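Visitor: What TrEMBL records for this protein is below:
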- A:9-27: transmembrane segment (TRANSMEM)
- A:94-295: domain 'ABC transmembrane type-1' (DOMAIN)
- A:100-121: transmembrane segment (TRANSMEM)
- A:133-153: transmembrane segment (TRANSMEM)
- A:173-191: transmembrane segment (TRANSMEM)
- A:226-248: transmembrane segment (TRANSMEM)
- A:279-298: transmembrane segment (TRANSMEM)
Amino acid sequence: MARYIAKRIVYMIITFLVVITFTFLTMKLMPGTPFKNQNRISPEQLAQLKHYYGLDQPVPIQYLHYIGNALHGDLGGSFQFGMRPVTTILAEKAPVSFDLGFEAVIIGAIFGILLGVIAGLRRGTILDYGTMFISVLGISIPSFVLAVFMQYFFGVKWQLLPLAYWKGPEYHIMPVIALAVGVVANVARFMRTEMVEVVNQDYITTARAKGISSFNVIFKHSVRNALIPVITILGPLTAAIVTGSLVIENIFAIPGIGSQFVDSIVTNDYPMIMGTTELYSALLIIMIFIVDILYGVIDPRIRLAGGE
Amino acid sequence: MKRKAKWSFLATILLAFALVLSACSSGKSGSSKDSGSKDAGSSNELADKQVLNVASNNDIPTLDYTQTTDTTSNGILEQVQAGLTRMHNDKVQFDLAKGEPKVSDDKKVYTFTLRDAKWSDGKPVTAQQFVYGWQHENDPKSKPLYNFLFASTFIKNAAKIQDPKSDMYGKVDQLGIKAIDDKTLQITLEKPAPQFFLSMLSQPEFFPQRQDIIEKYGDKYGSSADSIISDGPFKLASWKQGSSYSLEKNDSYWNADSIKVEQVNVNIVKELSTRVNLYDTGKTDTVVLSGDFIAQEKAKNPDEVKKGLTSGTEFLYINQKTNKYLKNLNLRKAINAAINRKDFTDVLLKDGSIPSNFVVPKDFVQSPDGKDFRSDNPDGYPAGSESDAKKFWDQAKKELGVSSINLTLLTPDGDSYKKWDEYIANQISKNLKGVKVTINQQPWGNYLKLNQSFKFDLAFSGWFPDYRDPMTYLDMWTSNNPQNTTGWSDKKFDSLIAQANDQTDDNAKRWQTMLDAEKEMMSQYPIVPLFQQGQTWVEKKYVKGLDYPLYGPQIDYTGVSILKH
């Protein structure tokens with residue numbers, strides 16, 4: 001196991017380096033400069049500014065500089081925010097997005113699994129159709145439509161919940177629900193399909209024949225086995241939700257990192273593009289790693305060190 | 001797949017139904033609120049708490065005055081700091097300067113006496129701080145982004161200090177500013193001071209600065225509320241980037257008695273619909289509107305919707321450098337006449353924008369005797385009608401020997417541009433039979449690159465002024481100016497601009513020369529002027545004195561007071 005983990009970590013670092021390198025090179029192909037007023041200053045002044053920030057050097061040299069600095073924890077300054085360190089901005093904004101995303105994924109997963117289990121066990125009943133109806137709705141309605149609706153009814157019309165900002169627990173309710181509904185729907189559908197398959201397996205019939213309580217049959221034998229595919233989608237789903245909450249963050253005026261994924265590219269803010277990409281890829285790589293470890297915990301038959 | 005599609009269809013119907021329901025009920029609640037707020041408006045008594053709440057789309061990128069390039073940052077600096085002069089209600093007022101300066105006979109040397117003003121930490125404002133502020137702004141080591149304003153104002157040696165090829169490059173001690181003593185400041189110009197000199201001094205690039213603070217914070221100067229110090233009407237009380245900031249009345253400001261509002265809280269809300277919802281539920285006192293929200297608020301709160309002009313002008317570049325057809329004056333005139341600007345502003349934009357067939361906008365700057373630049377032709381030069389367009393096009397076809405041409409319209413990215421582009425393309429193809437317009441939308445960086453390398457036929461563009469003078473809209477069209485990406489070169493226009501720059505000793509004469517220059521330009525149509533941007537916003541009836549000036553801070557809070565409500 002330790003050897004497997006060590007090997008995985010080496011692969012993770014290599015993947016991460018490939019992502020950074022590829023992003024850096026493609027980013028430098030984008031036309032334009034990070035200087036917002038480049039159309040107002042003289043070409044000489046623009047050249048001077050590029051020189052100061054090392055943007056006039058060949059791309060491989062710039063890349064080596066960047067990696068060198070990054071190894072010392074210096075990701076550069078953001079051109080959009082008066083050269084404020086990218087690390088400071090990420091440290092301020094990313095936790096907000098992480099809070100929102102993880103809350104949505106955890107709540108979504110719990111409800112999704114519950115609904116999926118119920119639907120799977122009561123296949124063909126009104127409960128099954130009801131949950132699947134909700135789940136299809138959840139997949140069809142984009143989160144931002146739901147967000148706008150909730151904001152209008154709960155925030156404007158009935159004024160039950162704060163309609164924007166990120167100041168206390170009550171401010172989390174609407175954005176978390178808006179993001180979680182998609183997770184619920186996805187997880188519930190997967191869970192139902194797996195449950196339907198698992199409850200028809202021979203070992204479940206055996207377990208029942210042995211007189212094991214139905215609680216234990218469901219949770220120890222069925223759900224555990226049905227969870228594996230669900231865990232597989234939860235990894236990338238978490239990374240996507242944590243970083244892809246841009247629209248929800250905008251609608252509820254949540255000071256997260258979401259908008260920087262787009263803004264930094266549009267403004268040629270090189271250090272910020274790198275910072276957000278690194279954050280996203282690290283998160284995705286780590287989530288996939290955790291999922292792989294979880295496989296072994298849930299299903300001992302999956303031997304991680306296998307094949308040797 | 002099929003099943004999912006059916007479900008989503010049902011979901012759409014349900015949603016649509018809910019929308020109709022909500023629309024019906026919102027109309028009712030809107031009208032009842034209206035009658036309630038009318039009573040509030042009738043009283044003129046000031047509220048106990050002088051607090052203004054604002055929801056804005058724009059965060060402050062930075063408050064380091066050498067690094068600011070945007071109107072929000074500059075606007076906040078103009079509220080928390082002060083210069084020799086201040087723009088208020090479209091007039092130049094003396095701020096840190098104690099009244100009119102002493103002017104030398106050749107109008108090249110201005111001597112200002114400073115007031116007894118203090119910074120918020122109690123230290124006095126001195127003439128040496130002005131000298132440091134100006135030198136730091138022009139020091140290449142500060143990597144300044146907007147110091148070309150010093151050269152535009154003809155401050156002595158500024159142009160040479162900024163030019164990497166000059167012997168004087170970076171020698172900031174040669175800049176035309178000197179502290180005679182703590183309270184006396186002498187500014188020297190290369191030419192007699194232009195008319196806009198005093199208004200220019202209200203810009204943050206020309207403010208006094210505290211060397212001790214700038215050196216203490218280094219790279220972090222101006223990146224947080226505590227790394228910036230105030231000598232203006234307000235203090236920056238808090239600033240959470242991407243989330244909110246708040247201004248607090250600065251009691252140590254020399255003119256603090258004139259400031260009524262105690263606190264201004266600004267929340268950053270990127271989504272317009274959310275800002276409007278916050279306004280409708282009373283969580284914010286003012287919001288700038290656009291698009292469909294203008295009509296919606298006009299229906300709900302007709303007395304709270306305000307309208308004004310901005311100094312932004314929108315126009316099309318015409319590339320006559322690489323497109324030989326566009327060298328033809330009649331073709332340019334035809335394109336100009338083909339676009340119905342009135343429908344553009346009144347039907348499409350509806351935000352207070354006005355049609356323009358001019359270069360220098362309306363209500364922006366007045367002559368030495370107080371006449372607006374546009375007073376002789378307020379609606380601009382005659383743009384021509386659809387039939388004129390046809391006539392010019394027929395002539396152009398004859399002169400060029402073609403019956404049809406294809407043009408590309410290059411524009412930046414963005415939702416609003418999409419609608420605008422389609423309108424323009426449609427107008428040109430509709431009124432000029434045989435002209436086909438292809439739209440080419442590009443991200444800003446690529447747009448600039450294509451524009452500057454003449455890879456377009458028509459290009460959508462806008463311009464905001466750098467200083468309060470017609471010249472900021474005019475001198476960019478001279479033959480070798482990098483901003484003139486039309487390829488238009490006109491000797492008469494060039495010489496008129498050069499003349500105006502040499503006439504700073506006689507402002508009335510210079511004014512007339514600039515009027516002549518605009519007239520010359522508008523007879524040649526190197527560009528197609530489209531409209532002067534307007535701005536529509538809502539403000540609660542208990543808010544008084546909130547100003548969005550055409551020149552000066554983006555939003556001026558210094559005149560705000562809050563009535564009892």
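In case you wondered, yes, glycine gets a Cβ from its N, Cα and C as well.
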Visitor: Among A:9-27, A:100-121, A:173-191, which stretch has the highest count of C-beta pairs below 8 Å with the transmembrane segment (A:133-153)?
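Guide: Between the stretches A:9-27, A:100-121, A:173-191, A:173-191 has the largest tally.
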Visitor: Taking the transmembrane segment (A:9-27) as reference, which of A:100-121, A:226-248, A:279-298 has the most Cβ pairs under 8 angstroms?
Guide: A:279-298
Visitor: Apart from its near flanks, which chain residues at least 6 from the ends of the transmembrane segment (A:226-248) lie with a Cβ under 8 angstroms of it?
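Guide: Cβ under 8 Å, 6 or more out: 97-98, 100-102, 104-105, 109, 112-113, 116-117, 120, 143-144, 147, 175, 178-179, 182-183, 186-187, 190-191, 194-195, 197-198, 254, 256-259, 261-262, 276, 279-280, 283-284, 287-288, 290-291, 294-295, 298-299.
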Visitor: Cβ under 8 Å to the transmembrane segment (A:279-298), counting only same-chain residues 6 or more beyond its ends: which ones?
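Guide: Tertiary neighbours of the transmembrane segment (A:279-298) are 5, 8, 12, 15-16, 19-20, 90, 94, 224, 227-228, 231-232, 234-236, 238-239, 242-243, 257, 261, 304.
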